[in-house]
Structures are given as structure tokens and as C-alpha cells.
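The block underneath contains the structure these notes are about, expressed in C-alpha cells.
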Amino acid sequence: MSSAKSARYNRFSGGPANLPSPDSSGIRMETTFGPTFSTVTTITKAADGTSTYKQHRRTPSSSSTLAYSPRDEEDSMPPINTPRRSDSAISVRSLHSESSMSLRSTFSLPEEEEEPVGVEPLVFAEQPSVKLCCQLCCNVFKDPVITTCGHTFCRRCALKSEKCPVDNAKLTVVVNNIAVAEQIGELFIHCRHGCHAAGTGKPGVFEVDPRGCPFTIKLSARKDHESSCDYRPVRCPNNPSCPPLLKMNLEAHLKECEHIKCPHSKYGCTFIGNQDTYETHLETCRFEGLKEFLQQTDDRFHEMHVALAQKDQEIAFLRSMLGKLSEKIDQLEKSLELKFDVLDENQSKLSEDLMEFRRDASMLNDELSHINARLNMGILGSYDPQQIFKCKGTFVGHQGPVWCLCVYSMGDLLFSGSSDKTIKVWDTCTTYKCQKTLEGHDGIVLALCIQGCKLYSGSADCTIIVWDIQNLQKVNTIRAHDNPVCTLVSSHNMLFSGSLKAIKVWDIVGTELKLKKELTGLNHWVRALVAAQSYLYSGSYQTIKIWDIRTLDCIHVLQTSGGSVYSIAVTNHHIVCGTYENLIHVWDIESKEQVRTLTGHVGTVYALAVISTPDQTKVFSASYDRSLRVWSMDNMICTQTLLRHQGSVTALAVSRGRLFSGAVDSTVKVWTC
């Protein structure tokens, strides 16, 4: 080892090194570095004037092993640990090459000034993998982003380029590639204060400066190291004309600097000298005795300056507010003039409208008298004693609100689902008692449906349970949805289940349910499903969709108002729906035109049911307002209001001319004519 190399090595390493040497195969090289040190000299001056010198060795990193295996350029990976820079370090273009400004000399950068935006030295300790290089600019990624084509490019390159160089697709930035950015941040580079411009003359190309900082650091930790690097160029704080310095030499320079000024120079002291004469001067400086007074004066001036600036801001604010107030007053004056003109016009219109309202009121009184006369004559039949529904009994037994009802007409059985997670089976023909309580759900029972001899129940536990009606036993459980099953209906040997923004169609195969299709495109909870003839009607937020059961395609959409659709009923001539905002809308089933909106309820219409006879069709509505209403579809008039429940009425079912209603009061009531 030559004396120059030995001196350089002893400066940085503090001991002998195992220089890299290839093994016999020439495939693997392994280099072991010892701990690296730099020497810091501290000068302490005692009270008696003597100086004490101490040297400390600073250890930037512990020893580690660098292993290198040559392979194809595309498969090469960055080193995992590189505590020291290699003599054969690779120089690449700067990541900050947006500007063509030349790099300033390493030893001419003032400590107080920021570097101009330009080429920033970037020298990697090892050749980065080509996988970490942008295919557009051929440099290591800077701010890597993933584009619509799936490839990764620099953000600036992706924004400038119109097409991908790989598949010629249009480039649009999708998201930052955090994984690649982290890999690049783990690459080891040489400190910028250990690099200088290469001798090739090409702008933006740098190489290792043997006289500069010897450390290699991770790219992500570059700013932290370089801000405190001992090789960072600084200026003498005493005199800008002093020669350029490194940070490590600043302390020693300050002890020898001949341009130290008195701290009271701003008050007129003209002293300039070195450290020794500086201390002697302070003992005789005429401003030193006034130091406290001068400091207090400065503080007072500063406070007055701050207060003056605040007052200036307040005055400017008040002036702007006065300007705005004057503009506001002008606008108000103009607005008042316009309003007075409008009031004069409205007064004349109101007098005319009042006369029209009086004429309309007299016409309405005549029409009401005519309707009362028809009712008394029995033309409408709404007061026929045979058509008035009365409560004939109450089923009591549930321990929570009743949310759904279903009738099995073959055996005169009524099934009711409740918040107590059970289904009760009621005899509606002979004993009028609860025959059995079915247990199996872990949540509120929200929906019931019968197909053949099977009962299907949907619950807030997101499952559908299949029950055998003959022996009233559970035969299967299906995990149907990711959200509560709100409603069930069966038709054409298929079961339809409604939940959040989805309707699932199941083929019924014995006791099994096979998922056939999921109907999507729904905007909210599906709380209402009705199957009539070959059509399925579904209700969600202000929308009713009509589906062809054979093709499972949506063939028509009815737009409504009043919030979410909670209930649907279909008669021979009309489609009826109940909404969240107390309204009942009626459409013509053929033309799909809305013909009427029925009002009267003062709460959400939770359920609808239909009883049709050859003479007339009646629709029953159940509401949050604790009432049931009976509507004649012949003339769209409410013919009766049923008030017996002590809570919101939530469910309806009809069988053999009888009406069953379930409510939040945990009861089921039976109504007959």
C-alpha cells in the first residue's frame, strides 16, 4: 500500500482493511470494512489563559459486510447495506435535472444562502437496478407513479409524455407507487459534499471527490445528513471576505479570525480584532457597561415596532370594512326600493287571488255536498255495514315488535317474525293459539315467505333459513347477503331476497337454494318485493323497478317521491307503493302513468295488502302512526281507519277475507268484516 493511500485509509478507517479480491470462480466478491472514524479537535480555554486540546473519534457506522453477485443488468438489485463508499462508485444523472443551471463550486456556497434550483449531485454507491429506472427519461425514478397502463414512470415524465413506450397506451397518472419510492429511498448514495462534476464535461454528471465527505447514506436520509455534514461549505460569520471554510474547520477558524467585531458595533463601537484582543476589548469597551440599558432600549423599540405594525393592520382592516359597509348600504337601499315596488304589485295580485279563492271555496263546498249526498244514498257503498272491518281478536306471545307476517292457507297457519329472533306459528281456524315457536336466527326476523311446503325466513343476521311446514323443523340455513335480509318473495320456483343495493335470485331445489343471479343497479335498501304474474316489483329510494321474471331483466323504472319505498302492492289495474314520507302513490299497471297520490297517514307507510272481489278491490295500508287505513280502489277514497294497536303497525297479511296486522306493540290482530 502506498503512503498516500495509507494516509487516506488511516484517516477514514482507523485500521487495516481486507481489500476486495475475486475468488477462484470469479462469481462472488466479498468485502469487509472496519468501523470508520473522523477526528474532531476540541480546544478548551481555561481561566488562567492556558488551552487544553482534546481529540475525539466520531464513528458514523459500525462494520458490515458488502456482498456482490454479478448477474444480468435487469435483475441487479441495490445493495442492502453500504456504510462506506466504494472507490469505483457509479455516477448517474441528478434526480433534480429540471433546470440547466450549472452547479456552484463546492467551497463557495454561503451557509445562509439556499442553493439555486438546478442540477443536484447524485452518485450511487452501487449501480441501481434498471427496474428502478424510468423508461422515458432512463434515470432513477423521481416521484414514481403508476399510470393507467399499469407501468411505473416519473410523475414529470408521465405528465409530459402522451403515450406509454411499452404498449402505446395513453398515459394518465393513477396513484403514487409507494413501494418503488421506498426501494429508491433505501439506495445508498454519496454525500453531495463528497462529489464534484465529472471531467467529461457533460452537465449533470458527477463523480466521487476523494477530498470531500467520505460517508454514504440512504437516499431517504440525505437531507438529515447533509444539513449537519462536517464537509458542508460555510462562510465566516465575522467577515464575508474570509476564505471559504468547511463546517469542521469553522470552530478553529473563529479562534484565529482577525475580523471579530464587538457585539456593540451596531451602537457605534469600531473594534475589529482576533479572539485574544476581543476579550481584552470587552473589559474596556465603553458600551459594555451600558449593555443592559441598550438591550432594554432595543426590546422597547422592537415592541413599539410590532405594536405599530399591528395598528397599521387594524387601520387597513377598518378601512376595508368601511368600504364594504358603504357598499352594503348602497345595495340595501336599492333592494328596499325594489321590494317596495314588488310589495305594491303583490298587494294588487293578492286582492285578485283572494277573490278567486272565495269562488273556489264555494265550488268545493258544492262538490262536498254532492259527495255526501252520494254517500248517504249508498252509491259508493263505503258505509255498507257488511264492508266495515272490525277487530275480532289478538294474538299475544312475542317479546318484541312484530316485523313480518305470512299465511299458509292450506293449513290455516299464520307465521309471525319478531325482534325476539323467533317465528311463532298461530292456528287461525280452530284453537287460535300458538302451535309452536321456531328458533334459529341470531337476529331480528325481518321477512317471511312460503313456497310449496317450505317456509323461508330472512333475518338481520344476513341468513335465510328453510323450514319444513309439515313438521315445523329447520332443514337448511343459507348465508345469503353481507347485510340484513329485508324482504323475501317467491315465484316460478325461484326465491328473491332483497338487501342493501342488491336482489339475489335463488333456484329452489328441494331444501337447497342455488344462487342463480344477483340483480344490481339499485340505489338503496330494497325493503319491498312483490311478484305478480310474470313480473317482479322492487322498491328502493324513490324508485320502483319492474323486472321480467323469465329473463331477469329490468324492463321499466317508475320514479316516485317521498323518500324510500317501504311497501308495494299490485292489483289487477294498479301498482301501489307506500313511502317513508307518509304518501301512497298509485300507477296505472298498463300505461305506467301515475294516476293518484293518496294522503291521510302521518307516518311512514310500512305495509300494503290487497283484497279483491268481483265487485271491488280494497287496499289496506299500515303506518308508523299506529293506524290502518282501508282504501277503495274504485274511487281512490279512504273508507275506513282502524285504530286498535298501541304501536306502529309494521306488517300485513290477508287470507280468506281476513286481515292480519302486526305491530311494534308485539301483538298480531285479526280483522274481519
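Cβ coordinates are placed from backbone N, Cα and C, and glycine is handled just like the others.
Nobody curates TrEMBL annotations by hand; they come from automatic prediction.
Remember, predicted model here, so these are calculated numbers, not experimental data.
As annotated by TrEMBL, domain 'RING-type' applies to 134-168.
Residues or ranges marked as domain 'TRAF-type' by TrEMBL: 225-295.
What TrEMBL records for 395-427 (among others) is repeat 'WD'. Remote same-chain partners of the repeat 'WD' (395-427), defined as residues 6 or more beyond its termini with a Cβ less than 8 Å from a stretch Cβ, comprise 433-439, 441-450, 455, 457, 459, 467, 469, 472, 647-648, 650-656, 660-670.
Taking Cβ pairs closer than 8 Å, the repeat 'WD' (438-477) reaches residues 400, 403-408, 411, 413, 415-419, 421-425, 483-490, 493, 495, 497-499, 506, 508, 511-513 in its own chain, all 6 or more past its ends. Annotation comment: TrEMBL describes 438-477 (among others) as repeat 'WD'.
Residues annotated as repeat 'WD' in TrEMBL: 558-597 (among others). Helix, strand and coil counts under DSSP for the repeat 'WD' (558-597) come to 0 helix, 28 strand, 12 coil.
Marked as repeat 'WD' by TrEMBL: 598-641 (among others). On the 0 to 100 pLDDT scale, the repeat 'WD' (598-641) averages 91 in this prediction.
Beyond the ends of the repeat 'WD' (642-673), by six or more residues, the same chain brings 386-396, 398-407, 409, 412, 414, 416, 418, 426, 428, 603, 606-611, 620, 622-630 to within a C-beta distance below 8 angstroms of the stretch. TrEMBL lists 642-673 (among others) with the feature repeat 'WD'.
If you look up TrEMBL, you'll see 225-295 marked as zinc finger.
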